[in-house]
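Some notes on the structure that comes next.
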Amino acid sequence: MAGMAAALAKERAAAAGAGRHGQAVPYLGQDFGALRRECLQGGRLFHDPSFPAGPAALGYRELGPNSYKTKGVVWCRPTELCSCPRFIAGGATRTDICQGALGDCWLLAAIASLTLNEEILARVVPRDQSFQDEYAGIFHFQFWQYGEWVDVVVDDRLPTKNGELLFVHSAEGSEFWSALLEKAYAKLNGSYEALSGGTTTEGFEDFTGGIAEWYELQKAPPNLFKIIQKALQKGSLLGCSIDITSAAETEAVTSQKLVKGHAYSVTGAEEVNFRGSIQKLIRIRNPWGEVEWTGKWNDNCPNWSGVDPEVRERLTRRHEDGEFWMAFNDFLRHYSRLEICNLTPDTLASDRYKKWSLLKLDGNWRRGATAGGCRNYPNTFWTNPQYLIKLEEEDEDPDDPEGGCTFLIGLIQKHRRKQRKMGEDMHTIGFAIYEVPPEFSGQTNIHLSKNFFLTNKAREKSNTFINLREVLNRFKLPAGEYIIVPSTFEPNLNGDFCLRVFSEKNANSTVIDDEIEANFEETEIDEDDIEPSFKKLFGQLAGSDAEISAFELRSILNKILAKRQDIKSDGFSIETCKIMVDLLDNDGSGKLGLKEFHTLWTKIQKYQKIYREIDVDRSGTMNSYEMRRALEAAGFKLSCQLHQIIVARFADEDLIIDFDNCVRCLIRLETLYKMFRKLDTEKTGTIELNLINWLFFTVI
């Protein structure tokens, strides 16, 4: 219940603008400005209570309290490590980013790429902080996390051994922005050790909010040059590198002056007419400018004399230091990997870029309710969350005779790094895309059933199911309606996710979910309509007051239930019996009269019939997926979120729902629905309650 309230509050805050980059959400409620003022006024340095400088911040296994790697660690402030510490001195460069005793080279590569773009760097590393002006031992950094920007505060106590920083450090030793950035990112993920192992694209995304894709250049798709051109037109960040096979090859220079294991950026892609044939050229930038390519199409290559003078002048006149052209074929031959970080529209201030259209959807998988696993599990696959996307406009690409809509889908699983210390790790995740058949076109209130997926083949799917934070693929499909089904590979795994769709043209999306409905039979009867035999039975059961209390009801029902061999149950609980009395006690006596007991008896017989019919394996019990069908048979259509709540509330640890819990669930739903319908006299779907009424209803 508390989690639902928190999620609703977060949703409302986001609608008001919280989480956009200009309104980053204070992580763990820590406000940088207020905390710094408080420290300055009190004449003290900040100590972060939410990420204390101690063993837990380092890690849980290899960097745990009993590890030899953490013995002798001392937490020091930069002012204790050198006489004149600087936050950033002379601009952020690669020499500020030297790896320490932590396997987070993926993160450092992303930070290095960040230094290539001052505008984006300034978003992650705010410049309103230093070791001189208003220094209070507190710093802050901003990261994108699953759809929102968060502002993470840290104190400047850093782990050291023998007087030197244990993790990221600058080569020169007196610059600390990169070490503090790493600490803030470690706090966000629970510990330093949680940062071990990852992909550069993960860092790219958390520093920009973009969606990152990568290509192995030895397996480049035939349209990669066109992809690069479009990415540059959209202001994307492009990086490339040459793989190394050993640490000794780091920064090794090839015979044609390319540096291995070094982050380059891609800044241009052009087609030129060279002596009657079209040549594809790509412009690369070595951000530190020491060495440049000496192969074909370098600055001094005679090939340029075979190009139209105006084109040559346009392509070569505004070189930045360290920037060079090379043939695209040479690029594919010499480089190993290309990474493209496609930026969100709000990141790009300039109007000269053709911006992506962005859709973001949050969801979750919950064991027994909405964690159906992949297509290999047809009995449960259909229970996964389903999302409708409408691709309404085709790309504006005159060179493409086929047409279609280009879009990227990225499925990110949330918070998995943080859960490593609890023995959790990344799930294996993926997704499938289905074309909406004509009979379902335009409908968003019908969660597609098992039969649909048994009779319809996926139009597209993720290239693989993989245990990384994100699985991402690029697609091109005709305009139309499609359903995306994200899932874990195996069923019944809990997790939260963020699904993003970047499309060249505007697209719309929505969650596909059943509209909440309740259709149960309400038959008014008079006492005269009740059979004499039932009246006689009631008289024997009710006693002298001619009414049945919840305690008497429990005794009666359990005697009857004990005789049933086809339903396994420990009997009705007193709580269930009280709920049944509450539903049917029209006169407020707290007991059931003849008519009320007759109505209840009819309901229980109906529930028994449903329970037996749904229990196809004749186990005498019902699992959580069968419960979904039982609810429909009883007249209820519920959303996926409600199914999650029902499983959490009424199923046991083996996802079994016995007859008592089945009845309690159905009675509670009927009671709540009737109360709402009574108060919603205008049938608007909304009611207004004050606190006392809210409390009255929620204690039922």
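Yeah, the Cβs are placed from backbone N, Cα and C, and that goes for glycine too.
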Requested in this report: Check each of the ranges 35-49, 515-529 against Swiss-Prot and return the one annotated as region 'Linker'.
Outcome: 515-529
Query raised in the report: Which one of Glu175, Glu182, Glu193 goes with Gly91, Asp96 at the Ca(2+) 3 site, as Swiss-Prot has it?
Result: Glu175
Requested in this report: Could you work out which of the recorded positions (Asn286, Ser589) has its C-beta surrounded by the smallest number of other C-beta atoms within 10 A?
Outcome: Ser589
Query raised in the report: Mind checking how the domain 'EF-hand 1' (572-605) divides into helix, strand and coil residues in DSSP?
Result: 23 helix, 1 strand, 10 coil
Report task. Please indicate, using numbers and ranges, the residues of the same chain that are 6 or more beyond the domain 'EF-hand 1' (572-605) and have a C-beta under 8 Å from a C-beta there. Result -> 525-527, 530, 534-535, 538, 542, 545-551, 553-554, 557-558, 561, 660-661, 663-664, 667-668, 670-671, 674, 700
Query raised in the report: What other residues of the same chain, not counting Asp585, Asp587, Ser589, Lys591, Glu596, have a CB atom within 8 A of the CB centroid of the Ca(2+) 6 site?
Result: Glu547, Val581, Leu584, Asn586, Gly588, Gly590, Leu592, Gly593
Report task. Express the distance between the Cα positions of Asp587 (Ca(2+) 6 binding site) and Asn286 (active site) as a whole number of Å. Result -> 83
Report task. Within the domain 'EF-hand 1' (572-605) only, compute the mean pLDDT. Result -> 86
Query raised in the report: Which number gives the other C-beta atoms within 10 angstroms of the C-beta of His262 (active site), all protein chains shown included?
Result: 22
Query - DSSP-derived class (H/G/I helix, E/B strand, else coil) of Cys105 (active site) - result: helix
